[in-house]
Amino acid sequence: MSAIVDIIGREVLDSRGNPTVECDVLLESGVMGRAAVPSGASTGSREAIELRDGDKSRYLGKGVLKAVEHINTEISEAIMGLDASEQAFLDRTLIDLDGTENKSRLGANAMLAVSMAVAKAAAEEAGLPLYRYFGGSGAMQMPVPMMNIVNGGAHANNSLDIQEFMVMPVGQSSFREALRCGAEIFHALKKILADKGMSTAVGDEGGFAPNFASNEECLNTILSAIEQAGYKAGEDVLLALDCAASEFYKDGKYHLEGEGLQLSSEDFANYLANLADKFPIVSIEDGMHESDWAGWKALTDKLGKKVQLVGDDLFVTNTKILKEGIEKGIANSILIKINQIGTLTETFAAIEMAKRAGYTAVISHRSGETEDSTIADIAVGTNAGQIKTGSLSRSDRMAKYNQLLRIEEDLGDIASYPGKSAFYNLR
């Protein structure tokens, strides 16, 4: 019987040393599910609300004891005795209990921890790996990783305005080989930076954060690392950017302070199109401010046929906003962050809506992570085809990559690696 008999919430620390929420869910049969939630640095204004205590005497106000208390009292009372295998009903119970549009009463961090822990307990009870529990017998596609090897913007203390410079190994026949490719490029880049006397310290997501003079210098250095690692850019490996443009949009202009530029939406769209012409860039995330829908439309009209344009702050894993974007022809892909929306059921609904509209879905970590690897199972369980979970260092990032290695091994001969076909909506 998969009835829930005990729920325990607790405060633990994330990869940045900030508190986050962990939850254990115990079932009548004795099996347990445990989940910990991540936390973002650059956040969309319409994300579900992460409940923090605001008590400056503890953890600089970032404690999560209120969220934990909600798990141990109200949430526990509401779902005790429910069947853990009824995920949609359970998540709806949490949503109704919270009663707000943005989960600000109970906290999306409290709700998500419970939602994930319940799913893990139910999978354990069913004797299934989590990815199989999520996706059934059709779950067999490994994701192409977006590997964030250079950090800028809000993730680093340097002069790069673009937040993430990523490599995507697409010319390999398996996830295992793709991971090796990414790791070899990471180490080649480290040597290049060290030889130039540049910093090889890593940022929140495990990428390097050196002081490049410009975005183009950074991209050219990454191309050199790809070549030195023995791979061909444009064939074996493609590039991806996360502009996080909301972070440098002020008074209607895009301020690239590192390059001394102030650009209109149209000029910034041209700037990105120029980069995409010069470099093998296949994906650009948050290329415009989350509220600059006219800019997004211009960017989509200009690049949407040949570059994956991913909405993160734009869509915040929210089906209402995604639906509007689809209707208006804005972007062609959605970034999926489980803590932006706060339950697994709503997360899966966003992935499904994107796929039906011919948009791609990229499953993503946050900059503040834990050892929890649920997103790896979500990526395979939904056959998403892409995952974004950091660079090739820091064990909070490796936890997801290593889980994907285990899943690929478990799948055996039926595992498929999509490579370039992950971008099924590009020409």
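Even glycines carry a Cβ here, placed using N, Cα and C.
As annotated by Swiss-Prot, active site, proton donor applies to E205. Neighbour density for E205 (active site, proton donor): within 10 A of its CB lie 30 other CB atoms from the protein chains shown.
Feature annotation from Swiss-Prot assigns active site, proton acceptor to K337. Secondary structure at K337 (active site, proton acceptor), as computed by DSSP, is coil.
What Swiss-Prot records for Q163, K337, R366, S367, K388 is (2R)-2-phosphoglycerate binding site, and it gives sequence analysis as the kind of evidence.
As annotated by Swiss-Prot, Mg(2+) binding site applies to D242, E285, D312, with the evidence given as sequence analysis. Taking a C-beta cut-off of under 8 angstroms and a sequence separation of 6 or more, E285 (Mg(2+) binding site) has the following same-chain neighbours: E164, A240, L241, D242, C243, A244, L309, V310, G311, D312, L335, V362.
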Inset, instruction - Could you measure between S367 ((2R)-2-phosphoglycerate binding site) and K337 (active site, proton acceptor) for me? Cα positions, answer in whole angstrom. - result: 11
Inset, instruction - Express the distance between the Cα positions of K388 ((2R)-2-phosphoglycerate binding site) and E205 (active site, proton donor) as a whole number of Å. - result: 10
Legend entry - Inter-residue Cα distance where the pair is E205 (active site, proton donor) and R366 ((2R)-2-phosphoglycerate binding site), in Å: 8
Legend entry - Number of Cβ atoms other than its own within 10 Å, given for D312 (Mg(2+) binding site): 29
